[in-house]
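Peer 1: OK, TrEMBL features for this one:
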BINDING   SER148, LYS149, ALA150, ASP151, GLY200, SER201, SER202, GLY203, ALA204, GLY205, LYS206, SER207, THR208  GTP binding site
BINDING   CYS282, CYS287, HIS289, CYS295  Zn(2+) binding site
DOMAIN    100-258  domain 'CP-type G'
DOMAIN    109-256  domain 'EngC GTPase'
REGION    219-238  region 'Disordered'
Amino acid sequence: MPTPHDLGSIGWPPGQPFPDLEAGQQLVRITGQHRNGFDVHDGLASRRAHSPRGMVADSHGVSTRPAVGDWTIIDPAHTPAALVRLLPRRNLLKRGAAGERYQQQILATNLDLAVVVMGLDGDFNPRRLQRYLALIAGTGIEPVIVLSKADRCENTGALRAQIESAHPDIPVLAINCKDADAIAPITARLGPGRTGVLLGSSGAGKSTLTNTLMGTVRQKTSAVREHDSRGRHTTTSRSLLKLPSGGCLIDSPGMRELKLTGEEVVEDDGFAAELEKLAADCRFRDCKHQAEPGCAIQAALESGALDRDRYDHFRKLESERERAAQQRDALLRRAEERQLTRALNHRLIDKHGRR
Ligand SMILES: Nc1nc2c(ncn2[C@@H]2O[C@H](COP(=O)(O)OP(=O)(O)OP(=O)(O)O)[C@@H](O)[C@H]2O)c(=O)[nH]1
Ligand SMILES: [Zn+2]
């Protein structure tokens with residue numbers, strides 16, 4: 001049986017009274033979301049659970065659907081275990097609405113700390129930082145700004161001062177993310193019962209910081225095998241990490257996707273326009289700039305007129321943004337389908353009565 005200490009290691013606030021449970025029920029935290037179920041953690045082990053139809057499709061819309069970070073009660077007698085009810089959320093981090101019908105996507109709930117990581121290299125972009133901070137503002141989640149790669153930057157002092165004066169109420173650390181001593185202000189905020197998330201663009205240093213917080217090198221692959229409560233091996237995606245400092249870190253795919261939402265313009269100092277101009281000279285109008293004959297971009301890369309590193313980086317961000325946009329669209333479609341089903345059900349009930 002998990003103890004209060006075990007639950008604290010996955011973020012149950014110290015001293016918070018436990019909910020009343022019926023015989024056999026268990027308090028768990030949602031750590032991952034899949035097409036047809038959830039990963040839940042009881043402080044000792046992870047397992048799969050599903051939520052009964054009514055619970056997911058309930059008429060309150062997206063905001064009351066179970067999300068990563070939610071505390072929930074499960075009935076483990078079923079296989080997979082069934083979610084019985086959600087406990088009220090303390091707070092949540094969500095991504096705003098995009099199109100007309102696109103509702104809101106919850107990234108994670110019940111958070112204490114959001115660390116926004118930004119590199120003191122090409123990643124440095126105060127406006128983007130501001131956008132991340134705007135997501136956090138007003139949620140009650142404490143923000144911390146990490147300016148990474150300070151060990152590689154010549155004018156750390158000036159850049160740090162710039163960020164500090166723009167955000168006087170938020171702690172700013174300018175550090176080497178690999179430096180275990182430098183992250184003390186973060187570990188101090190992630191003691192037992194506390195939950196953190198890392199936000200920031202690709203390459204900012206989130207994985208590096210995560211590894212330093214873990215005190216070990218965690219593999220980039222996210223699937224690990226864990227024992228569930230019946231002693232079986234289950235493969236779960238590891239989106240909640242227990243930290244040596246006593247608290248935990250949520251690192252779910254949803255958090256990762258926040259890197260770029262699919263709605264943002266990739267800030268590129270006119271690089272996209274430069275590419276577009278070059279591409280006008282490609283032989284084929286729909287050139288993918290891969291191995292097509294007469295590709296002007298490939299030619300520019302070969303001649304050195306176009307910087308290959310910069311190009312590769314740009315393409316990486318672009319494909320990330322595309323993937324995020326596709327996922328957002330899939331989400332949108334599912335939300336619309338649910339709405340249609342609900343509307344149809346209501347019409348049937350109106351016509352034939354509930355049965
Ligand atoms: N010198 C130095 N290198 C760093 C620092 N932080 C990150 N790096 C390096 O920068 C590169 C990218 O860092 P990651 O930690 O993988 O970045 P990330 O934010 O996890 O990127 P994604 O996984 O794409 O989201 C790696 O090669 C790191 O070793 C730092 O503070 N100092
Ligand atoms: Zn081309």
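Even glycines carry a Cβ here, placed using N, Cα and C.
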Peer 1: Which of SER148, SER202, THR208 (the binding-site residues) has the most other Cβ atoms within 10 Å?
Peer 2: SER148
Peer 1: Given the GTP binding site residues SER148, LYS149, ALA150, ASP151, GLY200, SER201, SER202, GLY203, ALA204, GLY205, LYS206, SER207, THR208 in the record, what is the largest Cα to Cα distance, rounded to whole Å?
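Peer 2: Across SER148, LYS149, ALA150, ASP151, GLY200, SER201, SER202, GLY203, ALA204, GLY205, LYS206, SER207, THR208, the two farthest Cα atoms sit 19 Å apart.
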Peer 1: Using DSSP, break the domain 'EngC GTPase' (109-256) down into helix, strand and coil residues and give each count.
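Peer 2: Looking at the domain 'EngC GTPase' (109-256) with DSSP, the answer is 42 helix, 39 strand, 67 coil.
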Peer 1: Are any of the binding-site residues SER148, ALA150, CYS282, CYS295 near ligand 2, with a Cβ under 6 Å from it, and if so which?
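Peer 2: What lies within reach of ligand 2, judged by Cβ under 6 Å, is CYS282, CYS295.
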Peer 1: Which of the three DSSP-derived classes (helix, strand, coil) applies to CYS295 (Zn(2+) binding site)?
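Peer 2: The residue in question, CYS295 (Zn(2+) binding site), is coil (DSSP, three-state).
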Peer 1: Using Cβ-Cβ distances, find the residues under 8 Å from LYS206 (GTP binding site) that belong to the same chain and are at least 6 apart in sequence, listing them in sequence order.
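Peer 2: Long-range Cβ contacts: VAL117, LEU198, LEU199, GLY200.
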Peer 1: Which binding-site residues from the set CYS282, CYS287, HIS289, CYS295 come near ligand 1, judged by a Cβ under 6 Å from any of its atoms?
Peer 2: none
Peer 1: Which one is it: of the binding-site residues CYS282, CYS287, HIS289, CYS295, whose Cα lies the shortest distance from the Cα of SER202 (GTP binding site)?
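Peer 2: For SER202 (GTP binding site), the closest Cα among CYS282, CYS287, HIS289, CYS295 is found at HIS289.
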Peer 1: Just how many other Cβ atoms lie inside 10 Å of the Cβ on CYS282 (Zn(2+) binding site)?
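Peer 2: Taking every protein chain into account, the count is 19.
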Peer 1: Which of the binding-site residues SER148, ALA204, THR208 has its Cα nearest to the Cα of CYS287 (Zn(2+) binding site)?
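Peer 2: Of all the candidates listed, ALA204 is nearest in space.
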Peer 1: Cβ atoms within 10 Å, counted per site: which of ALA150, ALA204, CYS287, CYS295 has the most, among these binding-site residues?
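Peer 2: Top count of Cβ atoms within 10 Å goes to ALA204.
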Peer 1: Average the pLDDT scores across the domain 'EngC GTPase' (109-256) and report the rounded value.
Peer 2: 85
Peer 1: When the Cα of THR208 (GTP binding site) is compared with the Cα of each of the binding-site residues CYS282, HIS289, CYS295, which one is closest?
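Peer 2: That would be HIS289, nearest by Cα distance.
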Peer 1: How big is the gap, in Å, between the Cα of CYS295 (Zn(2+) binding site) and that of ALA150 (GTP binding site), rounded to a whole number?
Peer 2: 39
